[in-house]
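Notes for the one structure printed next.
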Amino acid sequence: MSTTTTPTSAGGTSLVTLGKRWDVIVERYNSQPTIIKALGLAAALVFVYALPLIRPPFFTTDQIDFGGVMFSVAAFALVAVGLNVVIGYAGLLDLGYVGFYCVGAYTTGVLTSYHWSWPFFLALPVAIAVTMVTGVLLGAPTLRVRGDYLAIVTLGFGEIIRICVKNIEWLGASAGIKDIAHPNTIGAAPQPPFDKGGLFEVPRLEWDGLIPSLDTQHKTAVLAFGAADAIPYYWLILTALILVLIGDRLVKASRVGRAWEATREDEDAAELMGVPTFKYKLMAFALGAAIGGLSGSFYASGQSGYISPDSFPLLLSMLFVAAVIVGGSGNRWGAIAGGALVAYLPERFRDFADYRLLIFGLALTVLAVWRPEGLLPPRRTRRAKAAEAEIDALEEGELEGGLA
Amino acid sequence: MTGPKALLEVDNVTIRFGGLTALDSVTFDIREGEILGLIGPNGAGKTTCFNVMTGVYQATSGQVRFDGKVLTRLKRHKITKLGIARTFQNIRLFKSMTVLENVMVGADAHSKVGFFDALFRLPRHRRTEAASTARAKEILEIVGIRARHDELASNLSYGDQRRLEIARAMATGPKLLCLDEPAAGFNPAEKLRLMELIRRVRDEGYTVLLIEHDMRLVMGVTDRIVVLEFGRKIAEGVPSEIRDNPAVIAAYLGVDEEDAS
Ligand SMILES: Nc1ncnc2c1ncn2[C@@H]1O[C@H](COP(=O)(O)OP(=O)(O)OP(=O)(O)O)[C@@H](O)[C@H]1O
Ligand SMILES: [Mg+2]
């Protein structure tokens, strides 16, 4: 920490408080007997899945379909979790993540609509694989070089991909691709206009102030993927997010996660301790790409089933990076929070939509000054911060003990 | 050559940085099971020597052989896997990781666990993880910081950070352990304890290469000593020979006069 200025340490304190609160929740959860833990987890899962049906007051967006908002919240969270592997774990600044998102989306579009008509669930793994290969091809030459080079190359990559799809007829050029296959409906096929198909239908809640009532007018057909209702798509991408999270956790808490962290901390030292740093950087990069491709594929086959080059502006890359940084680079829950916020806030406050970038920029600046580690940084960052604050308090203005 | 066989041979190594010759035709070897001291005034080229041995720098000419294998152009992590481990003169721990994790990174050097082993928690992951954890704790016990294994590395005291550096290097399972001024910044009592530790490490079966400024200490703990000055080897021999070597005394004159005499 070379710049320990007043705002940082002040922000550090509140950061520690927020972190502590989170830790207390986690610890309290962990100290419960297994059965309680399982029940708690199940309840949380049910709640998260049911969120677009519950439509909590204040939280629900009035001006725009809440199910659709929740879909993009989950999609952003998934993207942020993927990018967190690259930025947060391996310390590689990838500024062109939208490129992978785009590759995943276009692979799905081409396979299920534009040139072939594969079912979605067949196209999905191919989209992931193609994106992963793209990641390896981009990473292999660039990850050998240290420093800012990667940021510049990935930045260019994100833009090149967009320009390519815009100009290649085979990929639909600027008109984009429409009628991308939705995931296959499970259960009865929908019979428009009235029968939505699916397995069964669930009603949602309507709130009059704080009093809920069942709204039987707007039912959601479970596992029916049509154009009318975004909620099944939300369930699908949420499931993907949960699976990715489980994988993320297992891999992070292993030799692979340690190798990433050591490489991020001190690449030379890691290499000299036997870590093949290039291999692990490439692995993180390819994994991140694959998760980006996964979310891109879900995006393409979403409710509208339409993508165009304009769906993948470079700005989206910046939002993705912002999501990871805002959330607290290196912490998967932070990434989810960051992704969710970045997707949710502009939709919730549509009235200010014209100013959303301005407000967003201001918020980022404030955060950078007050909480450079993000809202919810990894626990160890908070621990180190706490210890640092303690030492600072002890030293009271004395020279900071900078170890060579 | 008589006695135990040479584990590492530095053969006529020269390295230049622009106009500066940091090592000038340096030749020496390290024998299995010994503690070799590498000494010399500031800027003599000791750390550079470590860097050439561990693949950080490529020698301008000459070569380094380890166990008969030429190390030139070998990747650094491969050299580590062959069995050379080192510590850093400027402590370079993975600060955001815990003490145990730091050592585990070293222990992972020989692990065959891959991405899928970890993702699916295959038996290989479980087995390796358990074994490495046990081994890491054992090593922490040896260097004397086992009780602090759950601390963040950055929260350790300076001395414990130096101990952790040694532990992390030991965990890579090296044949040769290179310590770059491990006692820098220690008080005399701490230094003594460290030298005891180094002897214990040797007795565990490691060969040790030790850079240390404090002549008295080096004399006490090493089996043989190589002396560098301005990138050249000016002397080599057992401590008593080095102590009486006029070139060495001259090199250290005004630096550590009483220690040298
Ligand atoms: N990467 C480099 N580029 C240029 N010069 C270098 C480089 N590395 C080392 N040197 C020079 O090589 C010489 C030997 O340095 P080295 O660090 O090996 O000395 P040392 O014996 O370890 O000294 P000390 O006791 O101070 O640690 C010094 O003059 C140093 O400035
Ligand atoms: Mg040195």
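Using N, Cα and C of the backbone, Cβ positions are placed for all residues, glycine too.
Now, the feature entries from TrEMBL:
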TRANSMEM  A:35-54  transmembrane segment
TRANSMEM  A:66-89  transmembrane segment
TRANSMEM  A:95-114  transmembrane segment
TRANSMEM  A:121-140  transmembrane segment
TRANSMEM  A:233-251  transmembrane segment
TRANSMEM  A:282-300  transmembrane segment
TRANSMEM  A:312-331  transmembrane segment
TRANSMEM  A:352-370  transmembrane segment
| request: Grab the same-chain neighbours of the transmembrane segment (A:282-300) for me: Cβ-Cβ under 8 Å, and only residues 6 or more beyond its ends, written as numbers and ranges. | output: 75, 78-79, 81-83, 85-86, 89-90, 92, 94, 97, 100-109, 123-124, 127-132, 134-136, 138-140, 143, 177, 180, 233, 236-237, 240, 244, 256, 260, 307, 311
| said: Looking only at the recorded stretches A:35-54, A:66-89, A:121-140, A:312-331, A:352-370, which one has the largest tally of CB-CB distances under 8 Å to the transmembrane segment (A:95-114)? | reply: A:121-140
| task | Tally Cβ pairs under 8 Å between the transmembrane segment (A:233-251) and each listed stretch (A:35-54, A:66-89, A:352-370), then give the stretch with the top tally. | result | A:66-89
| said: Using a cut-off of under 8 Å between C-beta atoms, tell me which stretch among A:35-54, A:66-89, A:352-370 contacts the transmembrane segment (A:312-331) the most. | reply: A:66-89
